[in-house]
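Chemist: Sharing a structure, written as structure tokens. Questions coming.
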Amino acid sequence: MGAVLGVFSLASWVPCLCSGASCLLCSCCPNSKNSTVTRLIYAFILLLSTVVSYIMQRKEMETYLKKIPGFCEGGFKIHEADINADKDCDVLVGYKAVYRISFAMAIFFFVFSLLMFKVKTSKDLRAAVHNGFWFFKIAALIGIMVGSFYIPGGYFSSVWFVVGMIGAALFILIQLVLLVDFAHSWNESWVNRMEEGNPRLWYAALLSFTSAFYILSIICVGLLYTYYTKPDGCTENKFFISINLILCVVASIISIHPKIQEHQPRSGLLQSSLITLYTMYLTWSAMSNEPDRSCNPNLMSFITRITAPTLAPGNSTAVVPTPTPPSKSGSLLDSDNFIGLFVFVLCLLYSSIRTSTNSQVDKLTLSGSDSVILGDTTTSGASDEEDGQPRRAVDNEKEGVQYSYSLFHLMLCLASLYIMMTLTSWYSPDAKFQSMTSKWPAVWVKISSSWVCLLLYVWTLVAPLVLTSRDFS
């Protein structure tokens, strides 16, 4: 009886799955806007695919993946040069499965990016596809995923690695834009509250977070110099840490320069401290992909060196921690990847709830004139609750879209590639998928993104001085 009731309860959701996004989440957020709800659903789909990709790397999945013709033959063992450890078929096939799932997600969102090009209002028929028909879209996505597992091996993995690295690098730049946007919005919000009332409280809050970010950044610099450099080696790491430290100091000084303050009174050290901390994370992330293991200890080595005695008992021989090989009970998701995924989730959620009306980066880049600024429309949803009809979110895009549908799907396409590279630790496969190694291109992609991050932030500061004819108020 309970099963029957469950079927009828599930059936009641079928109209929602075939209609707009506003029906799916109306019980949780009845007063939300359609533009926000749609983006949250797409973000949830991407996060769900990330969970599935992670599960595919688990050892328990080997039995099922080996049943796919030609996907995993004989549970072969492969030797990985950079960590001196044997990998069973489960780990390598997990990587191959992640590549397939990410391929399906990227194709799905790329096709939608093309389909949604130049959609101006929700009255466009294509907007109905974007905001609705969820059952069919999810079914199509599952179909693409299943089909991707039957793609012949060959050079697919190597080619898709290159595509993934390029896409992931572009998504890192998008994360940087969102981070700068968030930093400016956060600072402006708190400065406004400080001016409205209780200035001491908000000033103390600004000072506390700014100090905390700078202190964490200094700690990061110290740890990186201690564990990722050696007196007689690791020259690249010394250069990466030093140049990024200098650039962060320069960016912080620029943010409080009198000329900058004159044109942007609300620029300050809060944004600089957040950008500095993120730059230090990118520096660490880049060096974590360095092929030379002597210059790239893993996080467990940090803990071992800090907590364990440096001298062996009874003699004066130093205990040298060795890199910890990956566990064969699961995937190789390490601390760097976890932090990367955490930052990814925050940026994805922020991109789903932000609007062009509160975007500070839109004012500080060359895209401000294209932003659609609409007033809040909260009265149109009242009639939906009449006559027992389900409550729906407010359609706030009848006169103009709140964001570019095409660019949003393109961002999710690049995010799929970023997830692929993160879950596989940016390791590079050969053509026959017989080895997985860290490579220098991954290092340079990440370290270059840290420089672009700082350049982008500095540009948002100096733009009013350079583009004098543009309104940044």
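Placed from the backbone N, Cα and C atoms, the Cβ positions cover glycine too.
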Chemist: According to Swiss-Prot, which residue among ASN34, ASN315 is annotated as N-linked glycosylation site?
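Modeler: Checked Swiss-Prot: the N-linked glycosylation site annotation sits on ASN34.
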Chemist: Per the topological domain annotation in Swiss-Prot, are ASP124 and THR468 located on the same side of the membrane?
Modeler: no
Chemist: Given the ranges 9-29, 240-260, which one is assigned the annotation transmembrane segment in Swiss-Prot?
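Modeler: Residues 240-260 are the ones Swiss-Prot records as transmembrane segment.
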Chemist: Looking at 36-56, 330-350, which stretch does Swiss-Prot describe as transmembrane segment?
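Modeler: Range annotated as transmembrane segment by Swiss-Prot: 330-350.
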Chemist: Quick check on the topological domain 'Extracellular' (225-239): DSSP residue counts for helix, strand, coil, in that order please.
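Modeler: Per-class counts: 8 helix, 2 strand, 5 coil.
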Chemist: Over the topological domain 'Extracellular' (468-473), work out the mean pLDDT and round it to an integer.
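Modeler: A mean pLDDT of 65 is what the predicted model shows over the topological domain 'Extracellular' (468-473).
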Chemist: Are the transmembrane segment (407-427) and the transmembrane segment (133-153) close, by which I mean at least 3 Cβ pairs under 8 Å that are 6+ residues apart in sequence?
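Modeler: Contact criterion not met.
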Chemist: With DSSP, how much of the topological domain 'Cytoplasmic' (181-203) is helix, how much strand and how much coil, in residues?
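Modeler: The counts are 21 helix, 0 strand, 2 coil.
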Chemist: Checking distant contacts: for the transmembrane segment (240-260), what same-chain residues at least six beyond its ends satisfy Cβ-Cβ under 8 A?
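Modeler: Beyond its ends, the transmembrane segment (240-260) has Cβ neighbours at 217, 221, 224-225, 228-229, 267-269, 271-273, 275-276, 279-280, 283, 286-287, 447, 450-451, 454, 457-458, 461-462, 465.
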Chemist: Using Cβ atoms and a strict cutoff of less than 8 Å, what residues sit near the transmembrane segment (447-467) while being 6 or more residues removed from its termini?
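Modeler: Residues 169, 172-173, 176-177, 179-180, 183-184, 240, 244, 247-248, 250-251, 254-255, 259-260, 263-264, 267, 271-272, 275, 278-279, 282-283, 286, 360-361, 364-365 contact the transmembrane segment (447-467) from elsewhere in the chain.
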Chemist: Report, as numbers and ranges, every residue of the chain located at least six residues beyond the transmembrane segment (160-180) whose Cβ falls under 8 Å of a Cβ in that stretch; write 'none' if there are none.
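Modeler: Distal contacts: 99, 102-103, 106, 271, 274-275, 278, 282, 343-344, 347, 350-351, 354, 360-361, 364-365, 411, 413-418, 420-422, 426, 428-429, 441-442, 445-446, 448-449, 452-453, 456-457, 460.
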